[in-house]
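Okay, structure first, notes after.
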């Protein structure tokens with residue numbers, strides 16, 4: 001079984017490789033660090049399964065598929081941080097996906113489903129589903145490389161066997177807790193999200209969200225006041241009266257965005 005991991009992030013590729021290398025099955029594993037390399041390797045080496053990141057620097061995962069010879073289309077497992085509209089399209093078309101950040105067992109479950117499809121006699125039907133998925137996403141204006149959709153409007157929170165979608169516009173602030181982030185909402189609810197602060201911040205609109213210290217991201221509209229503590233130190237108070245310190249490493253960017261002269 002030949003498996004290709006296509007992602008422009010080295011750590012993301014290595015994580016999948018490390019998980020698959022621990023499996024008892026001796027898979028033939030290969031990597032592609034760009035969309036163009038993925039197209040070349042798929043068309044020439046004809047892997048059985050491809051873990052395909054949707055948002056790469058040069059091409060989207062969908063653009064990669066459009067350049068693949070349809071006669072050698074492998075089973076695709078999309079890797080995505082898309083919002084709920086795209087996820088619904090994936091589910092309707094029964095095309096598998098990994099929603100970042102994902103757990104190891106979720107990846108292995110996706111792998112087993114892909115293997116089952118490789119061994120299925122319904123490959124033509126699968127190809128039709130993939131192409132129909134692309135059409136569905138196009139009609140929903142889901143364009144991963146456009147500025148409009150660069151940042152998440154909703155965050156998918158897994159609860160049991162289902163996903164609950166939280167509007168990022170309703171987030172007040174986010175704090176870190178070990179390997180998880182705690183997301184505090186305007187309605188008073190708190191959600192736990194498996195992600196580092198750096199990875200989560202990349203998914204959020206920088207015009208709305210700002211990191212003020214190592215363990216805190218705040219929604220700018222939720223800031224009630226900025227307090228000068230003296231000696232160049234600052235703290236903020238949120239609308240719900242929660243207070244946070246702005247630490248030295250984040251102070252300059254914070255003051256610039258808030259329009260405060262130090």
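From the backbone N, Cα and C atoms, a Cβ is placed for every residue, glycine too.
Annotation comment: TrEMBL describes 2-115 as domain 'Response regulatory'.
Within the model, the domain 'HTH LytTR-type' (155-260) carries an average pLDDT of 88. The feature domain 'HTH LytTR-type' is assigned by TrEMBL to 155-260.
Note: residue 53 (4-aspartylphosphate) has non-local neighbours 6, 7, 8, 9, 12, 61, 79, 80, i.e. same-chain residues 6+ apart with C-beta under 8 A of its own C-beta. Residues or ranges marked as 4-aspartylphosphate in TrEMBL: 53.
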By DSSP, what is the split of the domain 'HTH LytTR-type' (155-260) into helix, strand and coil residues?
24 helix, 56 strand, 26 coil
